[in-house]
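**Student:** Right, I'll just put the structure down here and ask away after.
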Amino acid sequence: MSVKIAPSILAADFANLQREVEMLNASDADYIHVDIMDGVFVPNISFGFPVTEAINRHAQKPLDVHLMIINPDKYLEEFKKAGAEIISVHFEACVHLHRTLQHIKSLGCKAGVAINPHTPIEHLENILEEVDLVCLMSVNPGFGGQKFIPNTFSKIKRLSKMIADKGLNTLIEVDGGVNQSNAPLLVEAGANVLVAGNFVFSSDNPITTIKNLKNIQ
Ligand SMILES: O=C(CO)[C@@H](O)[C@H](O)COP(=O)(O)O
């Protein structure tokens, strides 16, 4: 299976969102990664339902919605309505993670769990069967354009083994500081979805940048 690419719309030009989404439609991107930040779980506020819905109105790729918010259960229906196909909640924000994942699936969405750089993947041992995608944060969540944290490599390898040992096909997504230098190593370690924000949108030719990431073996 070739690696899936999920450009993070957080790094797009918000004044030209339709144009940016149309660019992603024309690219090899597999998903559009949508970062929702509440200013409480993370020290930044991004955007909410109306902007997600506006992105979805133009998108021809599935929306991969990453909720960096407390109390995600309260907002799952709204994000489903706004167009989310994958909804990832943070392990650190969910007291009843099993219940939250069932809730996401009951809406017909794929259920993802995002974990912070300091959170051991071993915490997912007893929930992995319920998870469609694990989003390994390779930066502290809250901002685009940060430096990649190298402990991600060992987390990918351990998670890959855990998934294989259980006979699952859970996707491993890496999010934060992904670029052309670390991407081949991430894929080699076992990542199958790469989120890239600034690396894509700040490049001279985002379509070519996405294609180059996609062609990593
Ligand atoms: O969730 C986050 C940040 O909290 C990420 O999705 C970033 O948006 C990725 O951006 P880059 O690090 O690739 O610029």
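Glycine is treated like the rest: Cβ placed from N, Cα and C.
Predicted, not measured: the structure shown is a model, and the values here were computed from it.
The following feature annotations were taken from TrEMBL:
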ACT_SITE  Asp35  active site, proton acceptor
ACT_SITE  Asp175  active site, proton donor
BINDING   Ser8, His66, Gly142, Phe143, Gly144, Gly145, Asp175, Gly176, Gly177  substrate binding site
BINDING   His33, Asp35, His66, Asp175  divalent metal cation binding site
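What's the neighbourhood like for these features in this structure?
**Tutor:** DSSP assigns Asp35 (active site, proton acceptor) to a strand in the three-state reduction. A sphere of 10 angstroms centred on the C-beta of Asp35 (active site, proton acceptor) encloses 24 other C-beta atoms.
Reduced to three states, the DSSP call for Asp175 (active site, proton donor) is strand.
Under the three-state DSSP scheme, Gly142 (substrate binding site) falls in the coil class.
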**Student:** If the substrate binders are Ser8, His66, Gly142, Phe143, Gly144, Gly145, Asp175, Gly176, Gly177 per the record, what's the largest distance between their Cα atoms, in Å?
**Tutor:** 17
**Student:** If I take the Cα of Asp35 (active site, proton acceptor) as reference, which of the recorded positions His66, Gly142, Gly144, Asp175, Gly177 has the closest Cα?
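**Tutor:** Out of the listed candidates, the nearest Cα belongs to His66.
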**Student:** Counting across all protein chains shown, how many other Cβ atoms sit within 10 Å of the Cβ of Ser8 (substrate binding site)?
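**Tutor:** For Ser8 (substrate binding site), the 10 Å Cβ neighbour count is 24.
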**Student:** Take the Cβ of Gly177 (substrate binding site) and count every other Cβ within 10 Å, whichever protein chain it belongs to.
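**Tutor:** Other Cβ atoms found within 10 Å: 22.
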**Student:** So among His33, His66, Asp175, all listed as recorded positions, which is physically nearest to Ser8 (substrate binding site)? Use the C-alpha atoms.
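**Tutor:** For Ser8 (substrate binding site), the closest Cα among His33, His66, Asp175 is found at His33.
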